[in-house]
């Protein structure tokens, strides 16, 4: 199988790009797609840029032009689970938009017309991520906690208390918030491609400043990149089950 790996920012994909073998790059529509192998697994890596539109466009090209079999969205996120700390990991059990509201027309909060309220990752990808986390905890030399939970997406970096309070009220089980995952998931659904979103926490939403986000982004990038490598190892030589 060929994996498509998407990160929004350069630090979120830099480690994986450095480890590519048999690498070649292709420019298309303003994106650079890096093809090659990671520990013997065929991959295509792209830095999408920040936000929903950029992420959806990069995903569509990745799937349609490079024919990847599944998509892994890796990177950083703000934590909403009080039991988690910077560097801990959230694997998507579902992904939703937190900045969409068409409830006046009978839709659930976060739901777009002709789409589900929640985008569901592939079970095999979630299972591989969980096994990869076990490996990461054993090799990282620190206690990295991981949960499987709701990840929400919107074009907002949450530092305002009113934004945090609204998100908590609308999505009380939310474990993490970021700016690309649901858009990637929507593109994957449209193009019938399995996905999973994996995020390492770089800050705690509503409590930390952008300065703290930048300070801890490297930690999050290291952990999420290693998890992707572990996950690829778990999936090597396997075929995903029917969704």
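Start at 1 and count along the chain as shown; that gives each residue its number.
For all residues, glycine too, the Cβ spot is worked out from N, Cα and C.
Swiss-Prot lists 12 with the feature active site, proton acceptor, giving sequence analysis as the kind of evidence. Swiss-Prot lists 203 with the feature active site, proton donor, giving sequence analysis as the kind of evidence. Look at Swiss-Prot and you will find 78, 158, 179, 180 tagged as substrate binding site, backed by sequence analysis.
Structure with Swiss-Prot features highlighted.
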| residue | record | DSSP class |
| --- | --- | --- |
| 12 | active site, proton acceptor | helix |
| 78 | substrate binding site | strand |
| 158 | substrate binding site | coil |
| 179 | substrate binding site | coil |
| 203 | active site, proton donor | strand |
Subject >> Packing count at residue 180 (substrate binding site) (other Cβ atoms within 10 Å of its Cβ) >> reply: 31
Original post:
Can you count the other CB atoms that lie within 10 A of the CB of residue 179 (substrate binding site)?
Top reply: 23
Original post:
C-alpha of residue 12 (active site, proton acceptor) to C-alpha of residue 180 (substrate binding site): distance in Å?
Top reply: 13
**OP:** Fill in the CA-CA distance, residue 180 (substrate binding site) to residue 203 (active site, proton donor), as an integer in Å.
**Re:** 16
Subject >> Local Cβ density at residue 78 (substrate binding site) - other Cβ atoms counted within 10 Å >> reply: 25
